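Everything on this sheet refers to the single structure shown next.
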Amino acid sequence: MKKHNFSAGPSILPREVIEETAKAILDFNGSGLSVLEVSHRGKDFQAVMDEAVALFKEILNIPEGYSVLFLGGGASMQFCMVPYNFLEKKAAYLNTGVWAKKAMKEAKGFGEVVEVASSADANYTFIPKDFTIPADADYFHVTTNNTIYGTELKGDLDSPVPMVADMSSDIFSRPVDVSKYICIYGGAQKNLAPSGVTFVIVKDDAVGKVSRYIPSMLNYKTHIDGGSMFNTPPVLPIYSAMQTLRWIKAQGGVKEMDRRATEKADMLYAEIDRNKMFVGTAAKEDRSRMNICFVMAPEYKDLEADFLKFATDKGMSGIKGHRSVGGFRASCYNAMPKESVQALIDCMQEFEKLH
């Protein structure tokens with residue numbers, strides 16, 4: 001039976017990427033060695049790193065003066081590194097969910113944190129629109145897609161101060177005006193690679209301006225100067241990231257990923273809105289295309305476990321919603337084929353007919 005992987009992350013990767021990575025695990029570049037055991041200082045892996053960085057910049061149209069880094073520690077490490085490197089006195093944060101809240105918590109150890117707006121009182125079911133960003137803030141931080149609650153910023157916001165963004169779950173799903181940001185970061189295990197590598201886009205001239213001492217491993221300049229090789233990088237995930245970037249480029253780049261994301265999300269949301277058994281949880285204007293969250297309608301609430309089993313038996317994997325929201329979550333990242341979304345829709349319609 002075909003499996004349809006709707007997991008929120010680690011998540012689905014393109015089949016071609018998995019196959020190429022599997023080949024490299026057995027024999028990397030005809031070397032007779034596995035990519036798991038080659039030196040990160042060798043010319044073969046340096047070529048992988050160089051290509052991954054070049055493709056990253058090309059696909060996102062990153063301007064001159066920015067570096068792309070592949071680091072460890074996940075987005076959670078970036079919650080600390082961002083204020084360590086950029087927060088001198090005050091930073092502004094938009095609180096749209098658990099991950100934004102965690103980022104704010106870390107930043108409070110480095111200076112004043114202004115929460116410009118929050119949707120916590122509504123369990124983060126919408127993204128606040130009416131707020132003022134302090135003109136004297138060192139930066140304004142946003143989380144562009146909220147995996148738990150199924151909300152997404154529709155494009156780049158305007159800000160009177162430099163912006164920082166956690167794009168863990170929607171990177172490469174749409175065009176981005178990188179020039180608006182001094183830093184964009186994210187865990188790669190949604191739209192880019194297996195878990196274990198973190199991507200960071202950082203504006204070179206924004207680094208080195210805070211007065212505090214920054215430990216070497218937490219200093220962006222260290223990793224810019226070292227080409228992401230100050231310490232041993234996560235070799236295998238970077239290799240897979242390079243293969244994913246090749247795939248994105250071959251498929252038509254972020255414009256095509258954007259088109260596909262909208263098409264897949266529109267299909268599933270249309271069924272959620274049509275089907276009497278299901279209800280979407282996020283405000284319609286803020287609905288995420290990456291993480292589609294829904295619950296059983298109140299009169300069918302007692303059938304939630306039944307639908308989960310029914311869907312699982314039909315090959316749907318990873319659709320159980322986060323514990324803070326409940327219900328279901330279908331994550332439709334770039335590698336998710338339209339056919340899998342249709343399979344979930346068929347499953348929902350079949351369940352409806354049975355009840």
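Please read every residue number as a count from 1 along the shown chain.
Glycine residues also receive a Cβ, built from the backbone N, Cα and C atoms like all the rest.
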Recorded pyridoxal 5'-phosphate site member, picked from T147, T151, T244, that accompanies A75, S76, W99, D166, Q189, N231, T232 in Swiss-Prot: T147
Other CB atoms, at most 10 A from the CB of T232 (pyridoxal 5'-phosphate binding site): 10
C-alpha spacing of R41 (L-glutamate binding site) relative to A75 (pyridoxal 5'-phosphate binding site), in angstrom: 25
Proximal residue to K190 (N6-(pyridoxal phosphate)lysine) among binding-site residues R41, S76, T147, D166, T232 (C-alpha distance): T147
Between R41 (L-glutamate binding site) and N231 (pyridoxal 5'-phosphate binding site): CA-CA distance (Å): 10
CB contacts for N231 (pyridoxal 5'-phosphate binding site) [other CB atoms within 10 A, all chains]: 13
Of S76, W99, T147, D166, Q189, T232, i.e. the binding-site residues, those within 10 Å of R41 (L-glutamate binding site) when Cα atoms are compared: T232
